[in-house]
Amino acid sequence: MAAPLTLLIIVAVTIRAVLFRSSLAELISERVEVVSPLNAWKRVVEGLALLDLGVSPYSGDVFHETPLVIYLFHFVVDYAEVVFMIADGITAVALYLSIQTYNKNVFRKQKYALESDRYPADCLELLRSPKEMFYIPLKVAMFYLLNPFTILSCVAKSTCGLNNAIIALFILCTLKGSALLSGIFLALATYQSIYPLTLFAPALLFLLQRLYIPVNLRRSSFWFFTLQYVFIYVGSLVVITGLSFFLLGSWDFIPSVYGFIFSVPDLTPNIGLFWYFFAEMFEHFRLFFICVFQINVFFYTIPLSIKLKEHPVFLIFMQIAIISIFKSYPTVGDVALYMAFLPAWSHLYRFLRNIFLVSCVLLACSALFPVLWHLWIYAGSANSNFYYAITLLFNFGQILLVSDYFYAYLRREHHLTHGLYLKKEDGSEATLVLK
Amino acid sequence: MAAHRCGLFLVIILIFSSLAHPSSCDTLEKADGNVGEKQGVSDAHREVNADGSVTGEDLNERQWQSTDVELDRSDGTEDSEPFRPAPAKDEFQEELVIRPLHSGDIYASFQFRTLWDTDFLQEGQKVSHYRLFPKSLGQVLSKFSVRELHISFTQGFWRTMQWGQPFIPSPPGAELWVWFHHTVSDVDGNWKELTNVLSGIFCASLNFIDLTNTVQPSASFKPLGLGNATDHRFLRYATLPREIVCTENLTPWKKLLPCGSKAGLAVLMKSEKLFHSSFHSQAVHIRPVCQDDQCTNKAWELRQTLNVVFDLYTSGQGKREWSLFKMFSRTLTEACPLASSSKVYVDITDNPEGELFELSPATSLLSQAVVLGDRRTYSVYDLTRAETFGQLRSLNLLLRWKGESGDMLRPLLHAERYVAGFGLQTGEIHTVIYNNHPYRAFPVLLMDSVPWYLQLYIHTLTVTSKSRDNKPSYIHYQPAKDRHRPHLLEMLIQLPPHSMTEVTVQFERALLKWTEYTPDPNHGFYVGSSVVSALVPSMVAMNTNFTKDQPLFSSFVPVKEESSYFVRVYTEPLLVNLPTPDFSMPYNVICLTCTVVAVGYGSFYNLLTRTFQVDEPSPPLAKRLANLVRRIRGVPLLT
């Protein structure tokens, strides 16, 4: 399996290298869909220039990267393209390995269940065969590396690629069962963009499950492990933040990075829901709606963790997708990360209700973003509503996609316990509904 | 007193000898200086210098009679001294300079100066007796502990390439810069209150000055008066490029004059004429100054200036002639009785032989002054003398052009600015600075204050001279904070001789909240002028000596060295378009976005709270009703 992966990486790097050398690179790096004020490469360069001038990069409102990123690029700014390609490679390999591990787990569990005869007889066609699972890790890596969204993000040198790499490493470490590394990478991801905080719950659930510790609030082993993981996570977060403080000598970065993420002062258009909403918001409702929208991102963690406590990996996917839809400054790089997981759920395909509609919506929106942007900003023949309408539709499509996968996953689990071909009491074919 | 007399006597002798041998005046001038220094008598020294500067080198046919006049005047003041009730602590001077410009326009510059040797900032001593100094400003100075205050209101743009340098430059719109006393603890609070008070005094929208358009330049705006404070924490600078200047700003400005607009030069200020002009700028400058050479006495100086450029060429049907009456629809009839000096200067430098234009009534008084690096000759009309007004008892200066004037010398320093790029996403500010000096390089300080909604990228800053990179030797950059503070960029750039230096910096346009746009958002947003400050190498030796009687227009900026003079050039303000949201849509946007969020919430809620169940279709309504009836009747139910 190493050979196809190597080939894939070579192809991906070639595409990126060609695009970096082409005149498209500059155009792509200006696109609002690809870069946001949080992760634009132009702003990293600006931060470095400010450091060179002896001005704190956080004294202005242009630079919103974390101090570690600026110190990373302080040394490797000349090799930035290589860094971003490596980051993409790391993400792909990490996703590859984690899905491989996950598939092994899934297969093992399926085997035990089969042996203990827990599946209804008509469910055999729902079971996953090693043959079809064999290429899934490679497909995941391919979905990430060859996704146009990832390529655009990488060519624009959006630091979103670095965040994705950290999250992918976190997933890998979690699935490999290393609580320490998982905690550290989760802390790093949180430090980079706050929102991955919600991945704490699935990681903990997975690690507990792996150690066969039931989620039982009265069990001391549960509390022992939970506190251990919390300690690792909070400890690394404190260390990383403290390190940033010592690198910079001030706490300026806290309001400039996290305050910026939470209070959404920059209303530059992007593919998210925030920008136009808060540009048009009545001033006295602003705080209320900012709270509502930010709580919205974090809130789903609790019910989802309860519902999916047996399936933490799917929970990770759901969380990443929700973050990328509802975060304050989303870019296509975030979308690409959760889309990479779609091949891992290929067995859900038969239960998806509107995948055709959703893919059409997403494709059409991706094509219309640059068109309507041009009409608004350059041609002046459209106004902001056009672009806004497309962001609405794009997010609507994403929501449909995610909820569809969620539905399909739940339905498959239902069939696995109750049988695939359900009969009514009178023996006629039954339809399954949510009640 | 004996020394004074002796000095005066010497002066008279020397002046008479210079009249007798005009060709030897240069050496005599030096001799005068020496004598003055030896005597160490400041009073006499001043007279000598004044005369020395008056007597130039090219004396051909004309008689220079200014000496007599100066002496007369000084005698006159000495005579009048005993009649004053108290030793004159304050003094008022007024002056009008008229310069015919090469473009055919007329530049009229009024300056009114009130000097008062009191101290507003002295603690525990309240200044309450005002005579010539306007009380409204005096109270403001002491309340807010202002060291120096400069405010200007300008309508129109000064075209340096056609008109040369103005005596006192100002940017379009309103400009305010203030140095606070170093004892002020809450500078921002004082500044806020001060702008509001000034807004009331001048009937202007200075109350729109807040932290988002205030900067603290580190080098460009040094105090012009006494004291070389360098701590720019006490400096505040703001411009309102959008401010429109009109009659309601002129009226309160005129009221600050001791004579109002009732007498003196101020009678010429009829607003319908002043604002029917290509350029109008009125300013108030308050600063502490020295009263004499040794600076033993300090005084507060209030300088009110008004600069107008009239376009009489196009309005006069191609006839190039102007008169006071044509320009101001008034003539002069008297000096302000409170003024110690009241003069009209007409620049006749380009007309030494009288072949270019004819000035009437002719005056016998000539004066020379070194101003803005150039030695200029002026005809002087002294309004304190009755002869000036002639038999008609009114002075209506009339200038009739006889031939075409030659080309103007290009100003040594010139700057312009524009926005490049298309679309509403990014752009580039280009500032072009010209050094037209044939062989001297000199440094300039460029200051840019850009509002926060144009996000500057300092790493894209390029400075090129003669298509080569010209790295600024000093950069002070303060990035903007959204909705709190503008960008401030100050650079020291060395301009090579005879060159064009281009400074470019890229910016990104922000989308604002819908309430932050101006009422006409598609008109665009103004960005204040860049300020280019420089010590420009002078063609002639500048007069570094302090003389009390030099004309007001040449004494505003203190001259520190002979070889260069200070120039400030303001570029055009910029008008930048920003992307706009649809202002009619707030409800729609809130509803639609919330709908999408609710779709997400709803579908997740559905999946989270419900479980899969086999669908048992409920019987139709008629059947259910029938069953209900049957149940009451006690008959078996329908299935």
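Note: Cβ is positioned from N, Cα and C throughout, glycine not excepted.
Taken verbatim from TrEMBL:
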- A:1-25: signal peptide (SIGNAL)
- A:134-155: transmembrane segment (TRANSMEM)
- A:167-188: transmembrane segment (TRANSMEM)
- A:194-213: transmembrane segment (TRANSMEM)
- A:225-251: transmembrane segment (TRANSMEM)
- A:257-278: transmembrane segment (TRANSMEM)
- A:285-302: transmembrane segment (TRANSMEM)
- A:314-342: transmembrane segment (TRANSMEM)
- A:354-379: transmembrane segment (TRANSMEM)
- A:385-407: transmembrane segment (TRANSMEM)
Quick one: do the transmembrane segment (A:225-251) and the transmembrane segment (A:167-188) reach 3+ CB pairs under 8 Å, ignoring pairs fewer than 6 apart in sequence? yes
Among A:134-155, A:314-342, A:354-379, which stretch has the highest count of C-beta pairs below 8 Å with the transmembrane segment (A:167-188)? A:314-342
Considering only Cβ pairs under 8 Å, which range in A:134-155, A:194-213, A:257-278, A:354-379 makes the most contacts with the transmembrane segment (A:385-407)? A:354-379
For the transmembrane segment (A:257-278), could you work out the same-chain residues 6 or more beyond its ends whose Cβ comes under 8 Å from its Cβ atoms? 32-33, 36-38, 58, 61, 64-66, 193-195, 286, 289-290, 293-294, 325-332, 335, 369, 373, 384, 387-388, 391-392, 394-395
